[in-house]
Amino acid sequence: MSSKPKSLEIIGAPFSKGQPRGGVEKGPAALRKAGLLEKLKETEYDVRDHGDLAFVDVPNDSSFQIVKNPRSVGKANEELAGVVAEVQKNGRVSVVLGGDHSLAVGSISGHARVHPDLCVIWVDAHTDINTPLTTSSGNLHGQPVSFLLKELKGKFPDVPGFSWVTPCISAKDIVYIGLRDVDPGEHYIIKTLGIKYFSMTEVDKLGIGKVMEETFSYLLGRKKRPIHLSFDVDGLDPAFTPATGTPVLGGLSYREGLYITEEIYKTGLLSGLDIMEVNPTLGKTAEEVKSTVNTAVALTLACFGTQREGNHKPGTDYLKPPK
């Protein structure tokens, strides 16, 4: 494991303006209510709670071309970037609870200010790499990667609210896992830029063990560096995470999701985490909401050392009779 002190800071990001459905701003509260913090405190990490950010709507936030709520999304991300950078400066792992996935702009930007050599593992049914020119919906939760990529700088007009963003990762610094709903413009971008991805076809063909081996070899083979895991719960199949805004059939299993997060923990390099797109208002039943929230909690815990094989406290002799 890494030698830096093991501590993490939870940042609630109750924000929904990157997409049209209300309720995703209730994600952080649902994860807290499910006992996420208490459970994290049982791991070897020192857990701090930053609380929830209070995002203020920008009045008269008219669309830019077809891009919706640009100033509100830009401002929320600018605020989040500052908080994440502060957490990183203090040597803690930033854990951002979304909120919609447009927040990755701020989360990854803030992380990169302190660790410019970071790499990104993006688990999602979607690439979220539409640009303001290729998007058909105008929803910014489908565009965060385009703002972060150096290779796309200058490929689309300046969006109001985003003047603070400096692209901070290259095409070779990101790997996608779980893709199965990619727009033509996005497919063109990932192919043209040579971005590494494991769609569900590759996951089916190789198995998740090989996928993670290849992911680490590609991102960390030459040099160990901080990992930012941006996890959209729709990366998993809707059988496990139905309460989310854009579910797509045929996704990762619960087991594959846990394997991804367990393996990332084992590298000792996880430095930033996003748990995104839990929308407790979209479950058809209480059971669907519970399943989605509990799955998101389990994925988060696995990132910090909770193992399916079980855990025990180091240095404790469990066979000693109690005094």
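Glycine residues also receive a Cβ, built from the backbone N, Cα and C atoms like all the rest.
So that you can see what the record holds, here are the features copied from Swiss-Prot:
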type	residues	note
BINDING	His101, Asp124, Asp128, Asp232	Mn(2+) 1 binding site
BINDING	Asp124, His126, Asp232, Asp234	Mn(2+) 2 binding site
BINDING	His126, Thr127, Asp128, Ile129, Asn130, Ser137, Gly138, Asn139, Asp183, Thr246, Glu277	substrate binding site
MOD_RES	Ser7	phosphoserine
MOD_RES	Lys17	N6-succinyllysine
MOD_RES	Ser62	phosphoserine
MOD_RES	Ser72	phosphoserine
MOD_RES	Lys75	N6-succinyllysine
MOD_RES	Ser163	phosphoserine
MOD_RES	Ser217	phosphoserine
MOD_RES	Thr281	phosphothreonine
REGION	1-27	region 'Disordered'
For substrate: widest Cα to Cα gap among His126, Thr127, Asp128, Ile129, Asn130, Ser137, Gly138, Asn139, Asp183, Thr246, Glu277 in Å: 19
Three-state secondary structure, Asp128 (Mn(2+) 1 binding site) (per DSSP): coil
Between His101 (Mn(2+) 1 binding site) and Lys17 (N6-succinyllysine): CA-CA distance (Å): 10
By Cα-Cα distance, the member of recorded positions His101, Ser163, Ser217 nearest Glu277 (substrate binding site): His101
Residues close to Mn(2+) 1 site centre defined by His101, Asp124, Asp128, Asp232, Cβ within 8 Å: Ala104, Trp122, Ala125, His126, His141, Pro144, Ser230, Asp234, Gly235, Met276, Glu277
Spatial separation of His126 (Mn(2+) 2 binding site) from Asp232 (Mn(2+) 1 binding site) - C-alpha basis, Å: 9
Spatial separation of Asp183 (substrate binding site) from His126 (Mn(2+) 2 binding site) - C-alpha basis, Å: 8
Cβ-centroid neighbourhood (8 Å) of the Mn(2+) 2 site, Asp124, His126, Asp232, Asp234 excluded: His101, Val123, Ala125, Asp128, Gly178, Val233, Gly235, Thr246, Val248, Met276, Glu277
